[in-house]
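Worksheet for the structure shown next.
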Amino acid sequence: MPIKHKRILLKLSGEALMGDTAYGIDRGTLQAMVADIAEIHALGVEVAVVIGGGNIFRGMALGAAGMDRATGDYMGMLATVMNSLALQDALKNVGIPARAQSALKIEQVLEPYIRPKALRYLEEGKVVIFAAGTGNPFFTTDTAAALRGAEIGAEIVLKATKVDGIYTADPKKDPNATRYSSISFDEAISKNLAVMDATAFALCRDQKLPIRVFSIVKPGALKRIVLGEDEGTLVHI
Ligand code: UDP
């Protein structure tokens, strides 16, 4: 089967790394993610990853608890650095070359984000991990995924969640909720569908960069997507 997507931007939420635990990184879940990435890497797909930090810190939650919001956001970005290091390490453990780059300067730990270098790594078949989100407070890693996806010329942003797509309502609360197989950006934005933040949606829409929301818990979903099969929900122009 021919590959449909040659270069992708994979957005992994920090929460997805927790598995069934309440905080931090679940080793088994991380290894399962790495196995999924390994499958598409073996097909020759160029993979860039933006990883969240919600399993450790979220600026908004810290802000709500009384902390200065920007400070909380910097802590959140540092959380994504930890997750990126864990993912880089886990990929290397299975023999996949991976390079993490940070949007915040933290040079003893990670090299800084340099676009031409990232592009070269991708061409060389290395998995590139973008750490520290956009490097700015008041943004999210979803927006970082849209931004980096556009910068590296990814064909699609693949947003891995625990749910297998975008639903008309929260499927956990509403038994009549149905899954969209595709939806336009305008509809997703106007319906206020809480899968991705509006900044990320708007950026992808303007750059004509489609997004596919899919379940990371479903084995093999990532591979099926890059082979062009219908998985989850496609958000399109
Ligand atoms: N964050 C930020 N700027 C960015 C990306 C992330 O300030 O460009 C902070 C923000 O506090 C956010 C936290 O890092 O809550 C973790 O990222 P996110 O919530 O997007 O992670 P996810 O929900 O994907 O686990």
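Backbone N, Cα and C define each Cβ position, glycine as well.
Here TrEMBL flags 6-215 as domain 'Aspartate/glutamate/uridylate kinase'. Per-residue confidence over the domain 'Aspartate/glutamate/uridylate kinase' (6-215) averages 95 (mean pLDDT, predicted model).
Within 10 Å of the C-beta of SER13 (ATP binding site) there are 22 other C-beta atoms, taking all protein chains into account. DSSP assigns SER13 (ATP binding site) to coil in the three-state reduction, placing it in neither a helix nor a strand. The ATP binding site annotation in TrEMBL covers LYS11, LEU12, SER13, GLY14, GLY54, ARG58, THR161, TYR167, ASP170.
Just so you know, the Cβ of ASN136 (UMP binding site) picks up 15 other Cβ atoms within 10 Å once every protein chain is counted. According to DSSP, ASN136 (UMP binding site) sits in a coil region rather than a helix or strand. Taken from TrEMBL, the feature UMP binding site covers GLY53, ASP73, THR134, GLY135, ASN136, PRO137, PHE138, PHE139, THR140, THR141.
Comparing C-alpha positions, SER13 (ATP binding site) sits nearest to GLY53 among the binding-site residues GLY53, THR134, ASN136, PHE138. Checking the binding-site residues LYS11, SER13, GLY53, GLY54, THR134, THR140 against ligand 1, the ones with a C-beta less than 6 Å from an atom of that molecule are SER13, GLY53, GLY54, THR134, THR140. In the three-state DSSP reading, GLY53 (UMP binding site) counts as coil. Using a 10 Å Cβ-Cβ cutoff, THR161 (ATP binding site) registers 20 neighbours. Comparing CA positions across the binding-site residues LYS11, GLY54, THR161, ASP170, the one lying closest to PHE138 (UMP binding site) turns out to be GLY54.
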